[in-house]
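A.B. asks: One structure is given below, represented as structure tokens, and several questions about it will come after.
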Amino acid sequence: MDDTIVSLKSQLLEREREVATLKKKLDQIEKGNSTLPELQEKVTSLSPLRLNTSLNNDDIMRYSRQLLLPELGVKGQIAISNISVLVVGCGGLGCPLAQYLAAAGIGRLGLLDYDVVELSNLHRQVLHTELTQGQPKALSAAQAISRMNSTVQCVPYHLQLSRENAIQLIQQYDIVADCSDNVPTRYLVNDACVLTSRPLVSASALRMEGQLTVYNYRGGPCYRCLYPIPPPPETVTNCSDGGVLGVVPGIMGCLQALEVLKIASGQECSFAQQLLMFDGEQTRFRSIRLRSRQKECVVCGEKPTITELQDYEHFCGSAATDKCRRLHLLSREQRVSVQDYKGILDHSTPHLLLDVRPKVEVDICRLSNSLHIPLASLEDKKPEHITLLKEAISDLQEHLNNQSPVQVFVVCKLGNDSQKAVQLLEKMSGAEVEAMTVKDIGGGLMAWAKKIDYCFPQY
């Protein structure tokens with residue numbers, strides 16, 4: 001008899017848990033929240049957030065530690081739950097930002113990214129995993145957030161923000177967080193936020209440094225007030241080119257989340273007219289005051305000339321992508337493909353292979369027959385490296401019995417720096433060094449890894 005009672009009580013407890021789970025799912029559906037976010041591939045109109053006026057017992061338990069803060073309290077938590085935030089970019093900044101906004105109980109999160117998860121993302125983009133490689137980043141992030149806090153409405157967008165869709169999308173959210181990694185998108189997001197009167201919380205991270213500020217908020221400047229003219233494309237470095245220590249975008253993304261939550265809960269914003277700069281090497285923060293909104297600004301000034309979105313790729317002279325840009329500095333005759341170079345190796349044709357990558361990249365991988373002279377050394381004409389080049393060319397000329405100019409092939413990671421090196425070497429040929437014919441290996445070592453040697457490391 002006792003065993004029967006224990007068994008029945010156990011079954012009853014299990015059924016009660018099932019009923020509680022079903023009630024929770026029903027509540028989510030009634031609030032317009034689905035367990036598995038549906039991926040959006042175009043911008044559609046969203047239904048208004050169901051406004052909360054109080055906290056239930058689960059809310060009080062979940063957010064109890066931040067409810068105890070006098071700066072937030074119940075009023076602030078309710079305000080957070082009634083706010084929607086659009087995160088532009090689900091990468092190194094967007095992942096920690098979205099994670100902490102969801103954990104704090106933001107009402108709706110729009111997650112926008114047109115890219116898919118790659119292995120090289122995982123050291124810094126902490127919402128993605130090995131199992132989500134190949135998935136759209138927006139969907140991967142939304143699913144991770146839904147597992148963490150199912151009460152947050154996640155709307156993943158697998159699309160590229162453009163002049164055609166930005167206004168329609170941004171006007172459906174209360175706050176925008178720019179986590180993008182390219183200049184055209186920054187101008188696009190800024191202008192759309194100004195035209196829709198949305199505050200813009202912007203951050204960036206590169207190498208071991210980060211920056212944070214808030215644009216278009218309570219009379220503060222917009223991005224164009226500070227940067228009316230975009231930088232030359234060749235001066236812009238991104239994570240693919242310059243690298244980044246994973247924890248740095250993590251720090252900046254968390255600070256971004258803090259500013260969003262302060263705006264959402266009605267607290268004073270710290271960086272509406274300040275720029276926070278983080279030096280990860282020294283572990284130091286410093287803040288500098290920014291100039292105020294500019295009367296002559298073309299988008300937020302007294303007489304704006306930009307009243308609709310532009311062609312930002314044309315304006316900036318670069319593509320709206322965080323992928324490495326491809327330079328086209330040489331003629332077709334000055335370049336060879338990796339297949340052509342493989343043929344040169346197979347035929348044992350005498351030549352010099354010059355690797356112009358920085359030493360830190362050469363330490364990762366290299367072709368065994370290459371001579372390493374960094375591009376920077378060629379640009380600065382460092383005597384020790386010019387001497388090294390002269391000796392290598394001289395040795396090869398002796399092997400050829402001085403019958404023809406030495407063939408020099410230049411390689412780098414992607415075929416950009418190698419083109420610059422070819423131009424420098426052609427100017428040196430016959431003057432600072434003996435005559436040579438110089439050609440670039442198109443696509444660089446990453447093309448070699450993809451098309452010739454599948455075991456060669458990619459980075």
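If you go along the chain as it appears here, the first residue is 1 and each next one adds 1.
Glycine too: its Cβ is placed from the backbone N, Cα and C atoms.
So Swiss-Prot lists the following for this protein:
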type     : residues                                                                      : note
ACT_SITE : Cys239                                                                        : active site, glycyl thioester intermediate
ACT_SITE : Cys412                                                                        : active site, cysteine persulfide intermediate
BINDING  : Gly92, Asp113, Ser120, Asn121, Leu122, His123, Arg124, Lys137, Asp181, Asn182 : ATP binding site
BINDING  : Cys222, Cys225, Cys297, Cys300                                                : Zn(2+) binding site
DISULFID : Cys316-Cys324                                                                 : disulfide bond
DOMAIN   : 347-457                                                                       : domain 'Rhodanese'
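How buried are these features, and what lies next to them?
C.D. replies: Other C-beta atoms found within 10 angstroms of the C-beta of Cys239 (active site, glycyl thioester intermediate) number 20, with every protein chain shown included.
Listed in sequence order, the residues of the same chain lying 6 or more apart from Cys412 (active site, cysteine persulfide intermediate) and placing their CB within less than 8 Å of its CB are Asp355, Val356, Arg357, Leu375, Ser418, Ala421, Gly444, Leu445.
For Ser120 (ATP binding site), other Cβ atoms within 10 Å of its Cβ number 12.
Under the three-state DSSP scheme, Cys297 (Zn(2+) binding site) falls in the coil class.
Cys316 (disulfide bond) is surrounded by 23 other CB atoms, counting those within 10 A of its CB over all protein chains shown.
Across the residues of the domain 'Rhodanese' (347-457), the predicted structure has a mean pLDDT of 93.
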A.B. asks: Among the recorded positions Cys222, Cys239, Cys300, Cys316, which ones place their C-alpha within 10 angstroms of the C-alpha of Asp181 (ATP binding site)?
C.D. replies: Cys239
A.B. asks: Name them in sequence order: residues not among Cys222, Cys225, Cys297, Cys300 whose Cβ is within 8 Å of the mean position of the Cβ atoms defining the Zn(2+) site.
C.D. replies: Val194, Tyr215, Asn216, Pro221, Tyr223, Arg224, Arg293, Gln294, Val298, Val299, Gly301
A.B. asks: Looking only at C-alpha atoms, tell me how far Gly92 (ATP binding site) is from Cys239 (active site, glycyl thioester intermediate), rounded to the nearest Å.
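C.D. replies: Given the Cα positions, Gly92 (ATP binding site) is 10 Å from Cys239 (active site, glycyl thioester intermediate).
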A.B. asks: Measuring Cα to Cα, tell me the gap between Cys300 (Zn(2+) binding site) and Cys316 (disulfide bond) in whole angstrom.
C.D. replies: 19
A.B. asks: If you measure Cys239 (active site, glycyl thioester intermediate) to Cys297 (Zn(2+) binding site) at Cα, how many Å is it?
C.D. replies: 30
A.B. asks: Can you give me the Cα-Cα distance between Ser120 (ATP binding site) and Cys222 (Zn(2+) binding site) in Å, rounded to a whole number?
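C.D. replies: Here the two Cα atoms lie 33 Å apart.
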A.B. asks: In terms of DSSP three-state secondary structure, what is the assignment for Ser120 (ATP binding site)?
C.D. replies: helix
